[in-house]
Every structure is written in structure tokens, then in C-alpha cells.
Amino acid sequence: MPELPEVETTLRGIAPHIEGKTVEAVVLRQLKLRWQINPDLGEILSGRQVLSCGRRAKYLIVRFQTGILLIHLGMSGSLRIFTPSDGRIGRSDRHDHVDIVFSDGTVMRYRDPRKFGAILWYEGIEEHHPLLEKLGPEPLSEAFCTDYLYVRLKAQKRAVKLALMDNAVVVGVGNIYANESLFRAGISPHRPANRLKKKECALLVETVKAVLRRAIETGGSTLRDFVDSDGKSGYFQQEYTVYGRHNQPCPQCGGLVVKETLGQRGTFYCPNCQK
């Protein structure tokens, strides 16, 4: 599933190509994603100019004068940009579900083999959208700080990894990056969240930010389907320390990385280095 770095990579790829441009048409090949696409989306968007693009948690936001297009990549989605000079614009396959065509010939194509993503039109206040209004702070923002995390975790007895992946606590820290951040902070994913000392919260905030920044720099992780707006894979997976490395040597102590299930998600850690 694309996590925050992959969504941010996508945002940075599409924004320069569509901001300020006017939608000419929308081609809908498949309406049934996680939530059904409005069949009138083409009529709604035609003639509207894109004011800006943004991201909140794992949601991409395309802003217009009187509404927003909220896009979630689901388990396997991606957005590709095709320009008039690209001979592949007309070539689509069964996984290419939506094309947004701009007046200059640019096409933004939504591809989703597993059809678990979403493209939603909303004309209310952005922050009040039901999918956005209860989200926690962005992990790369100043709001996600030591004091904030320490207070939030003090009231929680569940495992720290589960708390870290809760979008009400902090957004966008999915399974891959939770595993990697906890390893680099030396904290066991099983530790009760309310047992973390303040200095450990400070270290965890630092490692979460560092891991996410590095992942964005490397274009995110490509394990199966993810590609950026140019169709290129990310390569942060080459820098994994524990994720996906079950029974392989820990890069710090040489002991074996363990895989367990926590909250129905694969959890990778080093029992020697993480306490």
C-alpha cells in the first residue's frame, strides 16, 4: 500500500504538470473503486481550473475554485502524467480507470489494479471532509513533537507500534515506516505506549521524521505496484533495516530479525537492539 512518502512523491510529480491548468474532459472507464466515482465527474470538472495540489495524510487533494478532488491510492494505485509529446497517451489497459484531460493535452491517469483506491468530489470546507476532519498532525510538521507524542501515548496501553500507526495520533506512518522508525529508535514494537519515557518519545519523533524524509528523497518504496508520476519505481526498499528481512542479520548486532504479527500486520524487529 502506498504510504506517506509514496503519496508525497506522487504529489510532487503531478503538481507542476496540472496546477493552473483547465480540465477539458474526464474519461471514466471504471466507476467501482473503494467508493463509487460520481458518474457525472466529467461534467462537474469540465472547464474548471486547478488552483493547487496538496496532501493530507495519504490523501491527495486537487483544489478548484469551489471544490476539491480527493484521491486515495488504495493498495495499488498510482497517478501518471502524460504530455502531448508522449506517444503513450492513447494506450490504456484494464487497470487504467480514469483519465483527467487538460486543455493543453496533458493527461493525468489513475491506475489501480486492485481497485481499492478512491476519487471523490467534495464541495464543502476541505478540513471538514469526513475523511479528513479527525486526522492527527502531519509527521513532518512542527505539531508532531516530543511533548505532543508523550502526552498522547501516556493515555494508551496498547503496543507503541499500533499507536504510531493510528491516524488519530499521527498520520501517514504506515507499516513499513513504523517498523523502520522503531528499529532506529531502539524501541520494541510491543512496548506499551504509555511506558515510553519522554526522551524515548523525543528519539521516536526524530527517527520518524528522518525515515520519512529519506524515503521521500528516494522516491518511496516499490514492493509491488507503486510507481511515480513518470512511471519510475522508488528505491527506499534498498535501505530497509528490518522490514521484510525476517531471519536475516540485524545490521547493528548481527542477530536475526524476527517477524511477528501485531494488529494483523507483519512486524519486523531485532529482539536484541529493541527494548
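Start at 1 and count along the chain as shown; that gives each residue its number.
Yeah, the Cβs are placed from backbone N, Cα and C, and that goes for glycine too.
The active site, schiff-base intermediate with DNA feature in Swiss-Prot is assigned to Pro2; the stated evidence is similarity to another entry. The active site, proton donor annotation in Swiss-Prot covers Glu3, Lys58, Arg265. Summarising the annotation, Swiss-Prot assigns DNA binding site to His95, Arg114. Per Swiss-Prot, zinc finger is recorded for 241-275.
Feature map: Swiss-Prot annotations on the structure.
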residue : record                                         : CB count, 10 Å
Pro2    : active site, schiff-base intermediate with DNA : 25
Glu3    : active site, proton donor                      : 23
Lys58   : active site, proton donor                      : 21
His95   : DNA binding site                               : 17
Arg114  : DNA binding site                               : 15
Arg265  : active site, proton donor                      : 16
Statement: Whole-Å Cα distance, Glu3 (active site, proton donor) to Lys58 (active site, proton donor), is 6
- request: Specify the secondary structure state of Arg265 (active site, proton donor) as given by DSSP, simplified to three classes.
  value: strand
- prompt: Which state, by DSSP, holds His95 (DNA binding site): helix, strand or coil?
  reply: coil
Query: Could you give the Cα-Cα distance between Lys58 (active site, proton donor) and the residue listed as 'active site, schiff-base intermediate with DNA', in whole Å?
result: 8
- request: Sort the recorded positions Pro2, His95, Arg114 by C-alpha distance from Arg265 (active site, proton donor) and give me just the closest.
  value: Pro2
- line: Across the zinc finger (241-275) the predicted model averages a pLDDT of 97
Task: Using DSSP, break the zinc finger (241-275) down into helix, strand and coil residues and give each count.
output: 0 helix, 12 strand, 23 coil
- prompt: Cα-Cα separation of His95 (DNA binding site) and Pro2 (active site, schiff-base intermediate with DNA), in Å?
  reply: 17
Task: Could you measure between Pro2 (active site, schiff-base intermediate with DNA) and Arg114 (DNA binding site) for me? Cα positions, answer in whole angstrom.
output: 13
